[in-house]
Every structure is written in C-alpha cells, then in structure tokens.
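Novice: Per TrEMBL, the feature transmembrane segment maps to 12-33, 53-73.
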Amino acid sequence: MENMSAVRQQLYKSFVMGLTVQCALPYIFYIPIYTLYYYCLLTGKEVLFLEFFLTLVPALPAMVDPLISMYFVTPFRKKLMRWVTKEREETRTTNAFTK
C-alpha cells in the first residue's frame, strides 16, 4: 500500500471495509435469531417474533447488501449522491400576449 497515492489508499480502505461488512452480514442477522430459537427450545417458551421472522431472516442480508455496496463503493456512492442532491431546473414559460 505504500506505493499507492493517498486517494487510492482511501478507496482501498473503503472497499475492504465494505467487503468486511458484507461478510459479517449473515452473522449479524443469523446469530441473534437462532440464539433466540435455541432459547425457545431450551425453556419451552414461545416467542411470537421468532415464529414469523424465522423464514424472513435469510432474506435480510440480501436486502441490505445493495445498500452497503452503494455506500462503500465510491463510484456508486458518488452517483447516488448526484441523484439525491440534483437540483431541479426551473422552466419558465412566457406568454406571447404579454407586453
């Protein structure tokens, strides 16, 4: 990394951070829900949240992953910021009958 420019190093660090977050997504979503599942098995108590969201949890990393890509990959982030902060051009119309 010593041979890279400061801007390139920053891009590299941002990219590696994005990949790290993407790799951690399954653990972030799966461990709490399955820990709750094992708690329910051991104690015999029912948790309504678990019953409805156990089938939804595998889809959550796939829903969050594009947002992470848009934030950590610099070209995507710049394009998204251009879309969000784009100022609307005002169109003025004139009436031909006014003096």
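Positions of Cβ are set from backbone N, Cα and C atoms, glycine also.
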Novice: Report, as numbers and ranges, every residue of the chain located at least six residues beyond the transmembrane segment (12-33) whose Cβ falls under 8 Å of a Cβ in that stretch; write 'none' if there are none.
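Specialist: 1, 4, 50, 53-54, 57-58, 60-61, 64-65, 68-69, 71-74.
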Novice: Determine which residues of the chain contact the transmembrane segment (53-73) at the Cβ level, with the cut-off under 8 Å and only residues 6 or more beyond its ends counted.
Specialist: 14-15, 17-19, 21-22, 25-26, 28-30, 33, 37, 80
